[in-house]
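Participant: Just dropping this structure here.
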Amino acid sequence: MAELTINADDVRNALNEFAASYEPGNAERVEVGRVTTASDGIARVEGLPSVMANELLRFEDGTLGLAQNLDVREIGVIILGDFTGIEEGQEVHRTGEILSVPVGDQFLGRVVDPLGVPIDGLGEIQAETTRALELQAPGVTQRQSVKEPMQTGLKAIDAMIPIGRGQRQLIIGDRKTGKTAIAVDTILNQQANWASGDVKKQVRCIYVAIGQKASTIAEVRQTLEDNGALEYTTIVASPASDPAGFKYLAPYAGSAIGQHWMYSGKHVLIIFDDLSKQAEAYRAVSLLLRRPPGREAYPGDVFYLHSRLLERCAKLSDELGAGSMTGLPIIETKANDVGAFIPTNVVSITDGQIFLQSDLFNANQRPAVDVGISVSRVGGSAQVKSMKTVSGTLKLDLAQYRDMQAFAMFASDLDAASRQQLTRGSRLMELLKQPQYTPYPVEDQVVSIWAGTHGYLDEVPVEDILRFEREFLEHLRHSTEILTTLAQTNKLEDSTVEALKTSIVDFKKGFFGDGANHLVGAGHEEFDSLSEADVDQEKIVKQKR
């Protein structure tokens, strides 16, 4: 067997050739960090000097984290998932990706978490693309004024606090005053637009549930499905059981999904239910990250938290497709205190607010809109002409009615004009009541408010106002073309007004039984009048409140 010989020159030449051909640029640099502490959904990581703000990091067990605090020696990371498997000393790797969420039409009718992962058990979602959660809002030159109506189907709102497409309208009130009900009714009211198939009319809806009970979210989903509204709605759910980081991110995830449609020239309605819980989650995260607290222990940038979110709602210019995203943020108050820190912040950011008063709600005035301090700063220009015509003095009439009502509590007798004001005001308040999940088409609202403001309901007992309205609208629907004309033209022409006058006079004759002395109540039974002998000096006294 030949002896193996090694020549030193051959070895030297081979090493020189390898060294000459080596290119450092082909070497991959891998940064590895290590967990120093992990608890309460927050981890602190050493290393990773090149990490970006809002970059996704991957822990050893596959859990993702979001880089937040970029300090000199360590990084504060929000853990996006279960943190029980993350321990001190474990490796952390960069992904090189900014936090983003998948988007597209396939999300309609689905329930997803703040990372865009479906949680409704209906399988995977084939996304069209992804969109970063933190995006710059449209600039001034990329917007145009709000000029298209966003009908809620609620008489009290569409008449006095109108909302336009691209507007941000705050819904604020104590717990259990009907805030979510208004938002859900607004979604249900878009059904006719969706069924039309016209992209310019259709509104895609996003319901972002932040810190709600899982049973409440399931109830909202079931309501939308039962009423045929789930097919054009996406639900982004971060229930109360989710970590604070998920609740903080949920509104941005919903906004990113909506922006994809907005920049495609489509119309979007997004509801944040509610931003109070998002602010509390952000406060918890910030305190755990050891950021300095400010007023009410909120961090100093809590205003920016909401402003950068709500500024994404806009009506885009024609050059960008004229799409829109309308925002309905919800804020929960404590004891009707709208002057608290978070409520005043969001009021100053939005284009108006709908204040729901718990006293009105408990008095069965639902929706419990307090017309006195509710306002829409830009929606009036988007109101349809017929509604603007009939509701012009409605807000003033109700304000005068409330003043007169307070005065009448202490006055022994009133003049005829004051009594007339109280009579009409009480009927207008009754007319603005509306059952839940029954939004009205705008033409029905116009007819109802026209009848109330022009005195055609003054003779109708207050307890029969809603029955009169319901039966009169049914009469118009079957016997005339008035509602069809209003829906097509959105104008209250003189000929339409004359036809309405004739119809309501004829209907009142039948409603009151051609002037017979019938009792008009909740039931439909008829009773004979009692003789004076049977009613000997009987008096009915109406107690004053």
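The backbone N, Cα and C atoms fix where each Cβ goes, and this holds for glycine too.
Keep in mind the model is a prediction, meaning the values are calculated, not measured.
Heads up, here are the entries from Swiss-Prot:
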- Gly173, Asp174, Arg175, Lys176, Thr177, Gly178, Lys179, Thr180: ATP binding site (BINDING)
- Ser374: site 'Required for activity' (SITE)
Participant: Across all the protein chains here, work out how many other Cβ atoms are within 10 Å of the Cβ of Gly173 (ATP binding site).
Facilitator: 28
Participant: What are the other residues, in sequence order, whose C-beta lies within 8 angstroms of the center of the C-beta atoms of Gly173, Asp174, Arg175, Lys176, Thr177, Gly178, Lys179, Thr180 at the ATP site?
Facilitator: Glu332, Leu356, Ser358, Phe361
Participant: Between Asp174 (ATP binding site) and Ser374 (site 'Required for activity'), how many Å separate their Cα atoms?
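Facilitator: Per the Cα atoms, Asp174 (ATP binding site) and Ser374 (site 'Required for activity') stand 15 Å apart.
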Participant: For a quick check of packing: other C-beta atoms within 10 Å of the C-beta of Arg175 (ATP binding site), how many?
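Facilitator: Summing over all protein chains shown, Arg175 (ATP binding site) has 11 other Cβ atoms within 10 Å.
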Participant: In whole Å, how far does the CA atom of Thr180 (ATP binding site) lie from that of Ser374 (site 'Required for activity')?
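Facilitator: So the Cα of Ser374 (site 'Required for activity') lies 17 Å away from that of Thr180 (ATP binding site).
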Participant: Distance between Arg175 (ATP binding site) and Ser374 (site 'Required for activity') at the Cα atoms, whole Å?
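Facilitator: With the alpha carbons as reference points, the distance is 17 Å.
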Participant: Quick check on the binding-site residues: of Lys176, Lys179, whose CB has the lowest count of neighbouring CB atoms inside 10 Å?
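Facilitator: It is Lys176 that, of the binding-site residues Lys176, Lys179, has the fewest other Cβ atoms within 10 Å.
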Participant: Please report the Cα separation of Lys176 (ATP binding site) and Ser374 (site 'Required for activity') in Å, rounded to an integer.
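Facilitator: If we compare the Cα positions of Lys176 (ATP binding site) and Ser374 (site 'Required for activity'), the gap is 18 Å.
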Participant: What's the CA to CA span in angstrom from Thr177 (ATP binding site) over to Ser374 (site 'Required for activity')?
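Facilitator: Answer for this pair: 15 Å between alpha carbons.
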Participant: If you count other CB atoms within 10 A of each CB, which of Thr177, Gly178, Thr180, Ser374 wins among these recorded positions?
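Facilitator: Max Cβ neighbours within 10 Å, all protein chains included: Thr177.
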